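Okay, so here's the structure we're looking at.
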Amino acid sequence: MEPIKNLPRLCRTLGYEFKNIDLLTQALTHRSAANKHNERLEFLGDSILSIVISDALYHQFPKATEGDLSRMRATLVRGDTLTLIAKAFKLGDYLFLGPGELKSGGFRRESILADAVEAIIGAIYLDSDLEVCRKLLLHWYAERLAEIQPGVNQKDAKTLLQEYLQGLKKPLPDYQVINIEGDAHDQTFTVECRIDDLSESVIGVASSRRKAEQIAAAQVLELLKK
């Protein structure tokens with residue numbers, strides 16, 4: 001996979017034009033592909049995402065407790081949320097992976113996709129500044145920030161989908177593992193989620209069956225709410 005191909009199109013999708021396009025290339029480069037990979041950018045992006053979301057929640061919910069703020073932040077920055085953002089950006093089409101990761105479907109793996117989102121955030125920060133990152137992230141997260149509410153528990157996607165369907169008196173979703181790849185210590189699970197209201201199934205890919213089910217459920221929820 002050629003890392004530089006179609007990067008202008010990705011920039012348009014992200015809503016940011018890089019001055020130094022090499023930073024974006026590095027953000028999309030997995031450690032299996034090159035020595036100059038995205039892990040340091042990922043470290044930086046993780047911190048920037050945390051401060052931007054923390055600040056947004058602090059001002060959005062002036063009466064929320066520290067515990068509620070922490071739980072909401074965890075929901076917004078966790079891996080399955082970042083994976084959904086990556087899928088919306090079609091990041092898998094742009095990742096630069098080594099032969100082994102390509103063969104095992106690394107461009108679908110939730111950890112690689114989530115890490116790439118954080119690395120892109122780090123790259124944008126280095127290419128601009130914190131305020132530019134803040135505005136962009138608030139745009140990426142606008143819908144999620146509008147929907148999230150304080151509470152004792154931030155329910156996971158499977159629970160939310162089940163409650164949504166039950167509220168409409170619809171049959172519950174059916175989850176099936178359709179593929180398992182990789183060695184026992186490094187497996188990738190592909191799970192299919194089917195519901196009556198969608199003509200086609202939705203696929204989730206992750207390092208565990210549970211995570212793959214959560215990713216599939218989250219995608220179904222997004223489709224149902226469109």
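Using N, Cα and C of the backbone, Cβ positions are placed for all residues, glycine too.
Binding site for Mg(2+) per Swiss-Prot: ASP115, GLU118, plus GLU42 from the candidate set GLU39, GLU42, GLU192. Note on the recorded positions ASP46, ASP115: the fewest other CB atoms within 10 A surround the CB of ASP46. In this view, GLU118 (Mg(2+) binding site) is surrounded by 26 other Cβ atoms within 10 Å of its Cβ, with every protein chain counted. Around the Cβ of GLU42 (Mg(2+) binding site), a 10 Å sphere holds 20 further Cβ atoms from the protein chains shown. Here the domain 'DRBM' (156-226) returns a mean pLDDT of 88 for the predicted model. The Mg(2+) site is defined by GLU42, ASP115, GLU118, and by the 8 Å test on Cβ atoms against their centroid, the other residues of the chain that qualify are ASN38, GLU39, LEU41, PHE43, GLY45, ASP46, ALA114, ALA116, VAL117, ALA119, GLY122. With helix defined as DSSP H, G or I and strand as E or B, the domain 'RNase III' (7-129) counts 88 helix, 2 strand, 33 coil.
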